[in-house]
Amino acid sequence: MRKVLAALAVLLISTAGATAQRPGSVQWSASVKPSAHAGEYVVELHADVESGWHVYSAKQAPGGPLPLVIRVEQGAPFSLDGAITGSNPIQHHDASFNLDTEYFTGTFLLDVPVKSTTQGPGDVPLAVRFQMCSDTTCMPPRTIHLVAKVNAS
């Protein structure tokens with residue numbers, strides 16, 4: 001009976017570790033907002049950053065954290081069409097880098113203007129590369145892939 005209980009305990013402990021959320025998580029989603037001009041769209045990226053963590057913005061000093069980079073995936077029938085706008089980042093002197101940095105916490109939105117290179121609806125595949133840190137730990141940079149569907153108008 002002890003062996004069975006010990007085996008069950010080991011199984012439960014190993015399963016709990018496998019299903020645990022990795023530290024420094026951020027949930028991303030993408031949707032397309034209507035545009036007044038044919039063939040032009042705005043993809044709205046919505047991010048929810050885990051409490052206690054932050055995602056660095058696109059504007060960073062050399063030698064600092066990896067800046068946020070958003071691009072349309074290669075081969076997609078869309079291209080970037082202007083500056084990315086959205087929520088205002090927090091400006092802060094980061095002791096880890098000994099630099100002034102910009103980052104987002106909590107929920108933030110980014111508007112990514114894109115232009116269709118073909119006619120009709122389709123998918124806008126985006127790659128988002130980002131780095132996130134807490135006050136004590138930085139995670140390695142990650143790239144996530146999102147798809148926003150453009151509906152026929």
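Backbone N, Cα and C atoms are what each Cβ position is placed from, and that goes for glycine too.
Database features, via TrEMBL:
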type	residues	note
DOMAIN	32-143	domain 'Thiol:disulfide interchange protein DsbD N-terminal'
SIGNAL	1-20	signal peptide
*Run through the domain 'Thiol:disulfide interchange protein DsbD N-terminal' (32-143) and tell me, per DSSP, how many residues are helix, strand and coil.*
0 helix, 59 strand, 53 coil
*Looking only at the domain 'Thiol:disulfide interchange protein DsbD N-terminal' (32-143), report the model's average pLDDT.*
93
